[in-house]
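Q: Sending over a structure as structure tokens; questions will come in a sec.
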Amino acid sequence: MSPETSSPSWKLSFPHVVVATITSFLFGYHMGVVNEPLESISVDLGFSGNTLAEGLVVSMCLGGALVGSLFSGWVADGVGRRRAFQLCALPMIIGASISAMTKTFEGMLLGRLLVGTGMGLGPPVASLYVTEVSPAFVRGTYGSFIQIATCLGLIGALFIGIPVKEIAGWWRICFWISTIPAAILLVAMVFCAESPPWLYKRGRTEEAEAAFEKLLGGSHAQLALAELSKSDRGDDTDTVKISELLYGRHFKVVFIGSTLFALQQLSGINAVFYFSSTVFKSAGVPSTLANVFIGIANLTGSIIAMALMDKLGRKVLLLWSFFGMAISMALQAVAASSYIPGSGELYLSVGGMLLFVFNFALGAGPVPGLLLPEIFPSRIRAKAMAVCMSVHWVINFFVGLLFLRLLEKLGPQLLYTMFGTFCIMAVMFVKRNVVETKGKSLQEIEIALLPQD
């Protein structure tokens, strides 16, 4: 079969994608690492009972992540995708080591801030890199690896945190363990291919072809390079101004991207992740068990999404995912009302929450991070991702900060109804604004979506 009609082997790009998703594993791990040990940390570092201080230990990471994601586009475009991964691993190693060794509350915050910077820099670069190095026919499947790696990181953190109540100072080990995957990422990236579109944009055509050969095999490399030059409009060397993204000709795609991430967070997913154990505790389910259930629901949904991403397409998964989340929130709102007798309420609230996480993992979780690098033209791809991820972190930060306060003031029924309403808004938004990118090369998508000058 000629290269035009056959697909390149997925086996060549697979190891590169796996190395890139270590950032997502670390992201998930650090999201969950303080969940179980927070009590022990607060006792050991002398801020026990201070809820503001406990909240800071969780949200300091998010503050760092906002900074990291704001600069991610400039870093990824300036030094290349591989170096960007290595720059993301460094603060994660240093930050985790500081947190593991600290004797003070301030030291813990500094460590969390540094780790957060790496957490912010990693995911947008991973999304870019996976999109740019994957063959079109498996790009959706590979994009799902990012979500699966995040789930595995979360589950890993929960399991490693189990002995924290029995062994004094175990929380320090939890932080030390995270330096291992970060060090592997730092070293393994040396052997990975650089992103061909990035090399091409820099005028390094021969290196881009060599990278394509590494990723797709010799016969497909020239074809891929020819496709790249087809969508090249000669403006790639211009610097991208922020004004161009916020109200220039690229405003529409950046608006779609930012809104998708905003709706993903406003659905209440991170509130569920951060505070699931509190909700389960009130239903009489032990927190470790609750976290394991949440992890399993998340992983199952992600694996199904991986199987369906290149078959059904991104848009279908997004629509059904947000719709399912709205139904799940409705179940929880009903459970929180006074019309349901005792045990029925328990089953509805726990079932609703697990169903919510499962539906999230089917589409709303993995699709935005995959779809956005696909619909952004290569010239603005990294910077536009940085803008959208920053929106994600700002909303994530406020949801984390205000969830418990809102729960006290509004009560669960009204709060769950609000989250459900955002899910319905997301369904309407996706139906109107999202294009299908399944099976198309990045160049085909770019040519189809290019704003006409």
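The backbone N, Cα and C atoms fix where each Cβ goes, and this holds for glycine too.
Copied straight from TrEMBL:
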type     : residues : note
DOMAIN   : 16-438   : domain 'Major facilitator superfamily (MFS) profile'
TRANSMEM : 12-32    : transmembrane segment
TRANSMEM : 52-72    : transmembrane segment
TRANSMEM : 108-130  : transmembrane segment
TRANSMEM : 142-164  : transmembrane segment
TRANSMEM : 170-192  : transmembrane segment
TRANSMEM : 288-309  : transmembrane segment
TRANSMEM : 316-340  : transmembrane segment
TRANSMEM : 346-372  : transmembrane segment
TRANSMEM : 384-407  : transmembrane segment
TRANSMEM : 413-430  : transmembrane segment
Q: For the transmembrane segment (413-430), what are the same-chain contacts with Cβ under 8 Å, counting residues 6+ beyond its ends?
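A: Here the qualifying positions are 259-260, 263-264, 266-268, 271, 315, 318-319, 322-323, 325-326, 329-330, 332-333, 336-337, 364, 403, 406-407.
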Q: Between the stretches 52-72, 170-192, 288-309, 346-372, 384-407, which wins on the count of C-beta pairs under 8 angstroms to the transmembrane segment (316-340)?
A: 346-372
Q: Average the per-residue pLDDT over the domain 'Major facilitator superfamily (MFS) profile' (16-438) and send me the rounded value.
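A: 87, rounded to a whole number.
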